[in-house]
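Below is one structure, written out as structure tokens; comments come after it.
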Amino acid sequence: MTKKPGGPGKNRAINMLKRGLPRVFPLVGVKRVVMSLLDGRGPVRFVLALITFFKFTALAPTKALLGRWKAVEKSVAMKHLTSFKRELGTLIDAVNKRGRKQNKRGGNEGSIMWLASLAVVIAYAGAMKLSNFQGKLLMTINNTDIADVIVIPTSKGENRCWVRAIDVGYMCEDTITYECPKLTMGNDPEDVDCWCDNQEVYVQYGRCTRTRHSKRSRRSVSVQTHGESSLVNKKEAWLDSTKATRYLMKTENWIIRNPGYAFLAATLGWMLGSNNGQRVVFTILLLLVAPAYSFNCLGMGNRDFIEGASGATWVDLVLEGDSCLTIMANDKPTLDVRMINIEASQLAEVRSYCYHASVTDISTVARCPTTGEAHNEKRADSSYVCKQGFTDRGWGNGCGLFGKGSIDTCAKFSCTSKAIGRTIQPENIKYEVGIFVHGTTTSENHGNYSAQVGASQAAKFTITPNAPSITLKLGDYGEVTLDCEPRSGLNTEAFYVMTVGSKSFLVHREWFHDLALPWTSPSSTAWRNRELLMEFEEAHATKQSVVALGSQEGGLHQALAGAIVVEYSSSVKLTSGHLKCRLKMDKLALKGTTYGMCTEKFSFAKNPADTGHGTVVIELSYSGSDGPCKIPIVSVASLNDMTPVGRLVTVNPFVATSSANSKVLVEMEPPFGDSYIVVGRGDKQINHHWHKAGSTLGKAFSTTLKGAQRLAALGDTAWDFGSIGGVFNSIGKAVHQVFGGAFRTLFGGMSWITQGLMGALLLWMGVNARDRSIALAFLATGGVLVFLATNVHADTGCAIDITRKEMRCGSGIFVHNDVEAWVDRYKYLPETPRSLAKIVHKAHKEGVCGVRSVTRLEHQMWEAVRDELNVLLKENAVDLSVVVNKPVGRYRSAPKRLSMTQEKFEMGWKAWGKSILFAPELANSTFVVDGPETKECPDEHRAWNSMQIEDFGFGITSTRVWLKIREESTDECDGAIIGTAVKGHVAVHSDLSYWIESRYNDTWKLERAVFGEVKSCTWPETHTLWGDGVEESELIIPHTIAGPKSKHNRREGYKTQNQGPWDENGIVLDFDYCPGTKVTITEDCGKRGPSVRTTTDSGKLITDWCCRSCSLPPLRFRTENGCWYGMEIRPVRHDETTLVRSQVDAFNGEMVDPFSAGPSGDVSGHPGGPSQEVDGQIDHSCGFGGPTCADAWGHHLH
């Protein structure tokens, strides 16, 4: 039985049975009802009524309301909407009846109505302004005018207009103007938000609001990523964290491509740790360190020590930004040379980009179908951007016919924020350098530049291209002279200084010019490509809105990741670039060598401090007053044995004054391990114990430990089972990694022959040792020594040793030996044969019939992988075979390129094993590599220069070089194997094919060149010495066959050897007489022509030769088939039918050599007709560099 709560409820403080209604404010209740309806909750009739209200007012209903509308059943909706229709009909009838009654009223009421209408017009006129636009009435309104009907009195009566635009704000620069069409009675408005009932008018209003900014486009401009700068830089690049992401991607790629090495690194990391946490950390660190060895060269100390030989009079320095060099030489004071600042002034503005724009004064002119094309008068103003189009017109928007009407919209473009690019002129760069002497520097004067200058111990000076040399007086220390080459610093032609907001960056020139943003030049005020920061929205019948994109500053900053940040105001401080100087020390002298030794007691004013560069600074206080006197200071290994160890950086330190308690700073370099710094003599001697971490052997073993941690990751090389040597290479790679560092530290100064002999000696001692442990130690050490002495291990980059005529790429050696022979230890390999086979298949389907190799190493690569490619093609049912023919003459170019693909062919173990023993059968279709040009595969259908070096790998007998497909099409040679150097009076341009040597003797001139083969790519400007202002007609080795565009590639009396014997093998170009011949200079000699061999077809020697204005000794080419002279040197009176001439022509087939306009068949020593002479030998009608000859330079050899 349920108990009712009636009784007990009476005695409660609050009677639950007699509670009143909740006290809610009426407006709050109305708000709750409306909000619930907007959310789609409530009676169906109310929901439909609210949707009808939104429909009549041209407002957008909420998503929840639309969802409820779609959920209503059809019968229920039709029932309510029919009742709405009946109610609307009743209202229409009532209005019609009211209109008839008003017409029957008298004149007094009519006058009252007229006065009321006039008052309304006057009230509206207070807010609305009327003017003219395009010959029609223009009304300017604000957001208060759109609530009711706008009545405009005209000569034809009242013109009532309705404006239902939702973007009306207050008047500002952001205005929009468009037409309100006339709608006849009974036509509903369609695709218009403004209309009138009597005549068309234009409406204008501002779009600004006081609560938010103007409407802007959601679209953004795509800005290409700048990428990492190629400059060596002392400061961090902008947004350098992007490198971390790329490095993680590289690590992942390395693990996928090197599963065996990754497993080995993980095993080593697991063995190193004593618990699971340490094991995980060590494993992650090893995997992260592994690919770093081939990432790039990182870490560079900002202080280097240079030791001059005894009696040296000069030393070459290379100063970089924020670097310091300490120069020590026997019998000379120690100098510190510091690059203080690199500054460029008077930057020239190149181009400005707009990254934030505003759009104002929008106007639209529309026409009905068949009434002509719309034309906006503002199109004539260059500050406006216009766009024409078509819209749907008809009765609902003021046109009598249905169809497409013309529309023309214009908007004014103005730039709010811009990024400015400026170029640096080489002549405006100045280098501020300071020189400091390690003399009697007191602690008060240390770092005090003005005090050191007063003591003639320091000097600052500025080096500019106009003043590259300076002599400094250093008081009693003598004087020092610096001859510098400012042009060897930053390549100003490749970079711009770009200022975005308050930040400035050093950006690549090509990236800057390719930015997809509006731009203008300094001499113009008009912006180009303005539409990139504007968006014309979808056009309506008579209206089209235009909005500007938001600020692109954030996108620019993100794209600039990797660029170098610089400081710019009126000048820019550079942190990149270098300055090469020759420091002449012949007039430097030590000060105080005749002083006596100090006899009183010294004390350490402060404890000796480590400088971080392996040296220690000691501040001494001298109690005596017998100065100036020399300081007896030495570093010893033991106090019982006073034999000096280490060395003094401050040469001949002395106390300069006679005042007591004077303080002096001395810098010295103690040995590794424990030592004592001893100051003074006899019983007044003091000492300080010093420990320098590490040792010579310890440093070697620490390097070995790092090598073990990097563990066989010299390049991004795959775990390669493609050849039988792959497994052995990986073992050798591990040996190199673990012991390579110690090997270079301990034996790096010896020749490889000495290293090999030491290894053989240790092996012999191991074989003959009786004790097993000693025997194993000798055998292991000797084996590692022999292996590391004979193998070629890899690094990245190329270096040149001019004196030994040696070029190293990685640690592989490319030697030009004394007998003029090339010995190369390089082996080119594709990234993977599977992907290369797919690339070949794809290229063949696209109409590429073959390839031309760029170099002999690429040709050898095709030969090496031919069979494996053919097996892959056969296994994947592709009727195609790769055929490699012997190259003929020089390596020619071709117009097409191979394109990259992510797809790969697959091959099983059985097919791979079979490919080692048997070559596959030839298919019906062929892909031809090199060989002579044939009708089946002409050069115009071949690909060339499609590969570039990705990384240097490892090999026991050769350095592996991994190739990948180029992403861009270029004619330049691969810069990864190019090295350039200048040392003393010798300059060299070199790669794996060329050794081009120039010497300085009054002027720079080409001395000799040795060619492993002749190729048809162009030498990149980034690896060219002294390349500014060079005319290609003066280049002896033509630019079209990889001749450097350098002033080192010139020689007085000779022009470009475009018709030299470049199709011969084993070419050596030098300046000497061919055996058994003589050359005379005479004006009666013939003009330039193709190079001629000094022996005829039958082997007869031609002894007499001449030239018009060449320099002697003459230019000659030594080849496997004989000796040839240059184009300026002609045979004297010889039967031309027996001459052997060069068939090479570096120009287009329709052109002639611009330096020899005589008869083409006349190559002998008589003049050959009237001609105009220039420099005694040049003869051409077009004039040097004239319009008809301008294109002669730059055609590739085909």
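Quick reminder: no glycine exception, Cβ is built from N, Cα and C everywhere.
Among the features that Swiss-Prot reports, topological domain 'Cytoplasmic' is placed at 2-109 (among others). Computed over the topological domain 'Cytoplasmic' (2-109), the whole-number mean pLDDT of the model equals 68.
Taking H, G and I as helix, E and B as strand and the rest as coil, DSSP gives the region 'Hydrophobic' (37-72) the counts 24 helix, 0 strand, 12 coil. According to Swiss-Prot, the region 'Hydrophobic' annotation covers 37-72, on the basis of similarity to another entry.
Swiss-Prot lists 110-130 (among others) with the feature transmembrane segment.
Feature annotation from Swiss-Prot assigns topological domain 'Extracellular' to 131-253 (among others); the stated evidence is sequence analysis.
All protein chains considered, the CB of Asn142 (N-linked glycosylation site) has 15 other CB atoms within 10 Å. Marked as N-linked glycosylation site by Swiss-Prot on the basis of similarity to another entry: Asn142 (among others).
Marked as transmembrane segment by Swiss-Prot: 254-274 (among others).
Under the heading topological domain 'Cytoplasmic', Swiss-Prot lists 275-279 (among others), citing sequence analysis as support. Broken down with DSSP, the topological domain 'Cytoplasmic' (275-279) shows 4 helix, 0 strand, 1 coil.
Under the heading transmembrane segment, Swiss-Prot lists 280-294 (among others), citing a curator's inference as support.
The topological domain 'Extracellular' feature in Swiss-Prot is assigned to 295-746 (among others); the stated evidence is sequence analysis.
According to Swiss-Prot, the feature N-linked glycosylation site maps to Asn448 (among others), an assignment based on sequence analysis.
Summarising the annotation, Swiss-Prot assigns transmembrane segment to 747-767 (among others).
Residues or ranges marked as topological domain 'Cytoplasmic' in Swiss-Prot: 768-773 (among others). Counting residues per DSSP class in helix, strand and coil order gives 3 helix, 0 strand, 3 coil for the topological domain 'Cytoplasmic' (768-773).
Residues or ranges marked as transmembrane segment by Swiss-Prot: 774-794 (among others).
For 795-1198 (among others), the entry in Swiss-Prot reads topological domain 'Extracellular'.
Asn924 (N-linked glycosylation site) carries neither a helix nor a strand DSSP state and counts as coil. Positions annotated as N-linked glycosylation site by Swiss-Prot: Asn924 (among others).
In the three-state DSSP scheme, Asn1001 (N-linked glycosylation site) falls into the strand class. Positions annotated as N-linked glycosylation site by Swiss-Prot: Asn1001 (among others).
If one looks beyond the topological domain 'Cytoplasmic' (275-279) by at least 6 residues along the same chain, the residues whose Cβ comes under 8 Å of a Cβ in the stretch are 269. Neighbour density for Asn924 (N-linked glycosylation site): within 10 A of its CB lie 7 other CB atoms from the protein chains shown. Rounded to the nearest whole angstrom, the C-alpha distance between Asn142 (N-linked glycosylation site) and Asn1001 (N-linked glycosylation site) is 84.
Here the Cα atom of Asn924 (N-linked glycosylation site) is found 61 Å from that of Asn1001 (N-linked glycosylation site).
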